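What Swiss-Prot says about this protein:
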- 35-55: transmembrane segment (TRANSMEM)
- 59-79: transmembrane segment (TRANSMEM)
- 110-130: transmembrane segment (TRANSMEM)
- 134-154: transmembrane segment (TRANSMEM)
- 175-195: transmembrane segment (TRANSMEM)
- 199-219: transmembrane segment (TRANSMEM)
- 229-249: transmembrane segment (TRANSMEM)
């Protein structure tokens, strides 16, 4: 278990991990990925809260700095998946052509637009959540939800896209019991994410639903999941969860 956890942190962050204590990304590391999400969520929440202290509750800078911190510590791994997946989905061609577009090193207009929307939406939502609560648990929950979405995307019956090494390593690797357990943990944590107990669960379920729809569409479009698809699902789920929660706390 510790080896899988170290592998998950090595994959999902820039934190140094002993080479002998980690292995290749696979089933165990994917199962442990939500733990990385908890750590990243705590970091984002702390930065967003610090931003409200320094710049005031009405400033969006705290949320923007929280997103910047996440991008730095994850080396932009998942946001790159957003860009590549958006470009692939915007390609009018057969699956092999769409996969080739995703593997291309350049970023097209769809990718640029998707990244801008995701970064700005997360930044503004994180700022709103940090301003509305003494402790911005909602920020941490949204980031955590994104990594739970990755586990759901790797559940049994979900295939890997042709040519994707990461997809081949993790697609179909997560039993339903593991996915259900992480969703249960997420829902439990989300109960304290908003002023009312139902705010958090509604927000994260909406986020997970959007992530699942994206994954399903990508499976049809690309023939399966890849590392880029997982990154896009993570970021979409986190973004929708944060935006939905920011809206619900005002109800």
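Keep in mind that glycine also has a Cβ here, set from the backbone N, Cα and C atoms.
The recorded stretches the transmembrane segment (229-249) and the transmembrane segment (110-130) share 3+ CB pairs below 8 A when only pairs 6 or more apart in sequence are counted, and are therefore in contact.
Per-stretch counts of Cβ pairs under 8 Å to the transmembrane segment (59-79) identify 110-130 as the leading one among 110-130, 175-195, 199-219.
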